[in-house]
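Presented below is the structure to which this report refers.
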Amino acid sequence: NSSELSPSFLLASIPGLEAAQAWLAIPLCSAYVLALLGNCAVLLVVRAEPSLHAPMYLFLCMLATIDLALATATVPRILCFYWFGSREIGFGACLLQMFLIHALSAAESSVLLAMAVDRYVAICHPLRHAAILTNGATAKVGLLAVARGVLFFLPLPLLLLPLPFCGSRALSHSFCLHQDVMNLACANTTPSVVYGLTAILLVMGLDAVLICLSYLLILKAVLRLAAWRERLKVFSTCIAHICVVLAFYVPLIGLSVVHRFGKDLAPLVHVVMGNVYILVPAVLNPIIYGVRTKQIQRRIL
């Protein structure tokens, strides 16, 4: 009875490749180290380069911090499992990891929306950009992004806390996600399902719609320019942000589709999609901005 009230869960191994997990953990660890180095480099470069003390790059620092926190909340635990066989994760640790993943993802989505608004104001209202997006306003947006993630996703572990878990304890991923843990409960999970879906739609779903709306307005403003060269020059300032948005939302949508409609898919798909969702944005974001921003390139070199 006590184990039902406070169960432990089993992280998902790589199906069919359990014997080679120690070797497969090496590229995973390499990606994690690359994410650490890349995002720390962005933070140090923006701090050291006065010309980058602007809202867009302050938002980039927030993005790097969130990516570091998200990767650190998951990858070291996965590596402990792959290298040392520590497959079991406690109930409390699982709920904490689940909360951090969802709250940090919500904060990253909010920062991406703020970056889209920054691009919109810079292109459509350039004379008002400095007055609207001051450093103080940028800091408030960062605090609001974190508070939004915490407030919207704190109820998720609280809704799971009283549920009994009396059946299978095997997760579909190498870390804890709300849908994954919820599916293992042997009780009515309707409140948790409804709230989880509502939170996702009100945060990530709404942010995605507003980002698309921002770029429609930007595209409308760009098409008003007479020369094609001017249009390309103005729109090129958005390329890096568009790539970062895709790097975040494509794995997120893919993971959501796998959870909702992929019950018949091979377990390997679930494990791979989960790892892609955690690591791809953290690895790609500093590379994208490093390639697109000459000041960052020069400072790193």
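Backbone N, Cα and C atoms are what each Cβ position is placed from, and that goes for glycine too.
These come from TrEMBL:
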{"type": "TRANSMEM", "residues": "20-45", "note": "transmembrane segment"}
{"type": "DOMAIN", "residues": "38-289", "note": "domain 'G-protein coupled receptors family 1 profile'"}
{"type": "TRANSMEM", "residues": "57-84", "note": "transmembrane segment"}
{"type": "TRANSMEM", "residues": "90-117", "note": "transmembrane segment"}
{"type": "TRANSMEM", "residues": "129-154", "note": "transmembrane segment"}
{"type": "TRANSMEM", "residues": "193-218", "note": "transmembrane segment"}
{"type": "TRANSMEM", "residues": "239-262", "note": "transmembrane segment"}
{"type": "TRANSMEM", "residues": "268-291", "note": "transmembrane segment"}
Positions on the same chain near the transmembrane segment (90-117), where near means CB under 8 A and six or more residues out: 6-9, 56, 59-60, 62-63, 66-67, 69-70, 73-74, 77, 138, 141-142, 144-146, 148-150, 152-154, 156-157, 160-161, 165, 175-178, 181, 199, 203-204, 207-208, 210-211, 214-215, 241, 244-245, 248, 252, 278, 281
Residues from the same chain, set at least six apart from the ends of the transmembrane segment (57-84), whose C-beta lies under 8 A from its own: 11, 13, 21-22, 24-25, 28-29, 32, 35-36, 39-40, 42-43, 46-47, 97, 100-101, 104-105, 107-108, 111-112, 114-115, 118, 135, 138-139, 141-142, 145, 174-175, 244, 275, 278-279, 281-282, 285-286, 289, 293
Same-chain residues at least 6 beyond the ends of the transmembrane segment (20-45) whose Cβ lies under 8 Å from its Cβ atoms: 13-14, 52, 60-61, 64-65, 67-68, 71, 75-76, 78-79, 81-83, 275, 279, 282-283, 285-287, 289-290, 295-296, 299-300
Distal contacts, the transmembrane segment (268-291) - CB-CB under 8 A, six or more residues away: 12-16, 28, 31-32, 34-35, 38-39, 41-42, 60, 63-64, 67-68, 70-71, 74-75, 78, 101, 108, 172-175, 177, 240, 243-244, 247-248, 251-252, 254-255, 258, 262, 297, 300
Sequence-remote partners of the transmembrane segment (129-154) [C-beta within less than 8 Å, at least six residues beyond its ends]: 53, 55, 58-59, 62, 99, 102-107, 110-111, 114, 118, 121-122, 199, 202-203
Whole-number mean of pLDDT values that fall within the domain 'G-protein coupled receptors family 1 profile' (38-289): 89
